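A short worksheet on the structure shown next.
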Amino acid sequence: MKDTPLQVHVLLGLAITTLVQAIDKKVDCPQLCTCEIRPWFTPRSIYMEASTVDCNDLGLLNFPARLPADTQILLLQTNNIARIEHSTDFPVNLTGLDLSQNNLSSVTNINVQKMSQLLSVYLEENKLTELPEKCLYGLSNLQELYVNHNLLSTISPGAFIGLHNLLRLHLNSNRLQMINSQWFDALPNLEILMLGDNPIIRIKDMNFQPLVKLRSLVIAGINLTEIPDDALAGLENLESISFYDNRLSKVPQVALQKAVNLKFLDLNKNPINRIRRGDFSNMLHLKELGINNMPELVSIDSLAVDNLPDLRKIEATNNPRLSYIHPNAFFRLPKLESLMLNTNALSALYHGTIESLPNLKEISIHSNPIRCDCVIRWINMNKTNIRFMEPDSLFCVDPPEFQGQNVRQVHFRDMMEICLPLIAPESFPSDLDVEADSYVSLHCRATAEPQPEIYWITPSGKKLLPNTMREKFYVHSEGTLEIRGITPKEGGLYTCIATNLVGADLKSIMIKVGGSVPQDNNGSLNIKIRDIRANSVLVSWKASSKILKSSVKWTAFVKTEDSHAAQSARIPFDVKVYNLTHLKPSTEYKICIDIPTVYQKSRKQCVNVTTKSLEHDGKEYGKNHTVFVACVGGLLGIIGVMCLFSCVSQEGSSEGEHSYAVNHCHKPALAFSELYPPLINLWESSKEKRATLEVKATAIGVPTNMS
């Protein structure tokens, strides 16, 4: 019982002490500020409840003169503080200091010697212009430093000496023009570096080599045009890198290979024009790839993304010119689950592209100008369990009979199994003006089944085949034409032709060099009738102009009383012979060739032709048949004599010269319909396939007694 009063006195004493401390703490809290316990995460993402003094947005001109002794987090954001007096006493346990959005012009105005326990310092959106030598030397425990959105143009080589525990450094949105690797010598533990939105002229080899523990690097928005091959050398722990919003025209393939443990790659918003073979290959740990918002991206070529065994997601969206993805573009990606291809210029996506992705779970191709034909018919054949994202936004824009319909609602049987090539309008512009001696690259891509072959025609009429180099020209296998050191002589109209067994498509571009193209003062067009039959006319033409447009239009008119039946076909630019078939016997035709020039003028020539009667054609056939039999008999006789001579003769060399007989055969008609008459080319090699161009025939006055 005697102990009871003692216990009461002890409890009363503790209560009084606590009350006094609370009163003292309340008294120490700066006027208008809020002092309370708040949740906080350390730079290592460790949760704690910290004693916080919140003086944000109070218009303070000076640092608070007095703070609670146990203050851990001090928030002074959005004030007008210009300096911190050296006589200021800082709480000994201060771990977080936020001075962002103030008027600090120099780090030397901050007495850091008394803040040795600081873990995080926020100085963004001040007026700092430089970081001098050892300016933060006293902050040996600092783990986060935010100096972004200032006016920094100079950082001394030893500015970060003493910050050997720093984990995150934000230098983005300043005025830095170069990166000095000496900055990083004092930062052996740095894991995150932000350097974006600085007018950095270039990155050098080994720029980041001292940062052996760096995991994330952001170099966004600094107008980089190239990345040196060894720029990322030494960063063996780098997992994430962002080149967002730069001016890269191609993937920095060699440099990326040096980041052997890279997991996340952001190349968004760069003017890369195509993803080439091997651009993303053998990156064994890459999980996500971003190639969005690329204004110049036209195609993803064969084996562009290859052997990425851990890749889970590809994002290639909002690319206004991306019109072609090769069937083998994505290869050896066993874990890819998500393929985002929406809001591009894709008219189709090959089934082979999807078949090569065994683990694909979702795909997004909505908001593309889908052509509902043979290439896309696999979508509705119920051969896939892949989830289509936003299927209600997936519409056909072509052909006209399906325009506006949802792709998933068009039955696959309504789409042909084979179809004409289609060169995407976005592949390359219709005209281009370049300076002399510059480099020109034109990307021509087409979709079709069977897959089309692509070649180019120069203004002088030369045919440039894939994988061939000719003078200043080189055509890649995918269809890209390169012209090195172009001069006014090479100016003019270039035409890409895509052709398969079904037909062809073509697209032209006018290239001006120094604002002009070669003049054509003596261009002419001549038509010659080479053969006339009862049901056909074989015609040839010759154009001397160097810069004729490739889409020649041929029209054949037949005068009838009540008929205007037109035939049409497509003829290649470099074919100058055509057999107009399905004509009526004993009928007068007017055959015209109209060739527009690059100056929006046209050269047109017409000839009148009357087809032979059936009786006359029969006599011709009999006469020709007799001559043919006689020729064959004579030929057989000659062959017999030669064989006899060969048997009698005992001499001969097995190494003698071989002779070859060339047989020029007429090609069979393309039997799509009567609107596509057979094409005859007497000089074409059987291994070369030609594009075709539209030809029209209009019948007008067939005699009434003709059937």
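Sequential numbering from 1, following the chain as shown.
For all residues, glycine too, the Cβ spot is worked out from N, Cα and C.
A disulfide bond in Swiss-Prot ties Cys444 to one cysteine from Cys396, Cys419, Cys496, and that cysteine is Cys496. Below 8 angstroms of C-beta separation, residues 25, 35, 38, 40, 50-64, 97-106, 109-111, 114-115, 122 of the same chain, each at least six residues beyond the ends of the repeat 'LRR 1' (70-91), sit close to that stretch.
Annotated pair Asn608 (N-linked glycosylation site) and Asn223 (N-linked glycosylation site), C-alpha to C-alpha distance, rounded: 63 Å. Residues of the repeat 'LRR 8' (237-258) grouped by DSSP class, helix first, strand second and coil last, total 5 helix, 3 strand, 14 coil. Here the Cβ of Asn103 (N-linked glycosylation site) has 12 other Cβ atoms within 10 Å, regardless of which shown protein chain they belong to. In terms of DSSP secondary structure, the repeat 'LRR 1' (70-91) contains 0 helix, 3 strand, 19 coil. The most densely surrounded of the glycosylation sites Asn223, Asn608, judged by C-beta neighbours within 10 angstroms, is Asn223. Shown for the repeat 'LRR 9' (261-282): DSSP residue counts in helix, strand and coil, namely 0 helix, 7 strand, 15 coil.
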